[in-house]
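Going by Swiss-Prot, these are the annotated features:
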ACT_SITE  HIS65  active site
BINDING   SER11, ASP41, LYS42, GLU43, GLY91  NADP(+) binding site
BINDING   ASP150, GLU154  Mg(2+) 1 binding site
BINDING   ASP150, GLU322, GLU326  Mg(2+) 2 binding site
DOMAIN    1-141  domain 'KARI N-terminal Rossmann'
DOMAIN    142-286  domain 'KARI C-terminal knotted 1'
DOMAIN    287-346  domain 'KARI C-terminal knotted 2'
Amino acid sequence: KKNSILKKNHSWMNAIKNNFQVDDYESLIPNADLVINLTPDKEHHNVIKILQQLMKKNSCLGYSHGFNIVEFGEKIREDITVIMVAPKCPGTEVREEYNRGFGVPTLIAVHDANDIHKQGLEIAKAWSFSIGGHRAGVLESSFIAEVKSDLMGEQTILCGMLQTASLLCYEKLITDKHNPAYAAKLIQNGWETITESLKHGGITLMMDRLSNSSKIRAYNLSENIKKILAPLFQKHMDDIISGEFSAEMMKDWKNHDQKLLFWRQKIKNTSFETAPMYNKKIPEQEYYDHGILMVAILKSGIELSFEKMINAGIIAESAYYESLHELPLIANTIARKKLYEMNKVI
């Protein structure tokens, strides 16, 4: 924005420091071969409207999430190639993984209605390579499959389940007279610690961190949770496939995010979010030994979301990314600043 450039704000200073060319839309976009739109979903329509007026003929437009194309139904100029590179984690974690010499699993896709030159897939491959996605795995998908699986994962195991389980587990521990500070830390850092085993060995390795008797307890709890939550997960999947979920979300956008902001404030004021700090170190194994219910919740949530996506026609690899592989990266955000951080970056 011109105003940001004139004021030389923090983002301007950061860009200059890292040798990026900085200018406004009107100066940069007409000369660009590839324009990548990384703005929030709710801003896409207005941003794309401006971009299409400025982008040169036969250039390429990139998305990191296909909501605008699939759910809003945005139409892009026929000469513009439209691609997607969708890392399966929050943007902050893409950078973290790249900096440590790795990357995150990434879905790539080409919008069939906008691939007149048949070069979209090669551009998407190059983009995914540039952010390190090839080190973790790049899967060719479609815009619609990415959107539906992404929404299902976030609404169930990745965000919805972690948030609800954090609040319920904390309240249970407090009811049982546990130290509030310890309880909050056990849950806040427990998700990150426990899901790290998922990254290296899936549900099997996570369960192997438990004693034999604890494995049995976690398994039985998990099966009971699946029976209880199966109808709810199915409703989420049905609403996402039908478009009802997206329609309701877009209504809230038009209402200035009234529901979203109310829910965020409600979560921010919970006893879990406001719990005191626990300054002592909790040993890694203690998170497993005292987190049997958390393990059961993760197991049931992963399996349910994966099964519902498969039954809806989403390919197994994509369902896996959205139900299991992204979990540690979402859990990292909770470990930083509890649920507030997760809700802020998703």
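Cβ atoms are placed via backbone N, Cα and C, with glycine included.
Mapped onto DSSP classes, the domain 'KARI N-terminal Rossmann' (1-141) shows 68 helix, 23 strand, 50 coil. Within 10 Å of the Cβ of GLU322 (Mg(2+) 2 binding site) there are 28 other Cβ atoms, across all protein chains. Cα separation, GLU43 (NADP(+) binding site) to HIS65 (active site), rounded: 13 Å. Put simply, HIS65 is the one of the recorded positions HIS65, ASP150, GLU154, GLU322, GLU326 whose Cα lies nearest to the Cα of SER11 (NADP(+) binding site). Among SER11, ASP41, LYS42, GLU43, GLY91, the residues given in the record as binding NADP(+), the maximal Cα to Cα distance rounds to 21 Å.
With a 10 A radius on its CB, GLY91 (NADP(+) binding site) counts 12 other CB atoms from all the protein chains. Taking each Cβ in turn and tallying the other Cβ atoms within 10 Å, the top scorer among the binding-site residues ASP41, GLU43, ASP150, GLU154 is ASP150. Helix, strand and coil content of the domain 'KARI C-terminal knotted 2' (287-346), in residues and according to DSSP, is 52 helix, 0 strand, 8 coil. Around the Cβ of HIS65 (active site), the same chain contributes ASP41, MET84, ALA86, GLU146, VAL147, ASP150, each under 8 angstroms and 6 or more positions distant in sequence.
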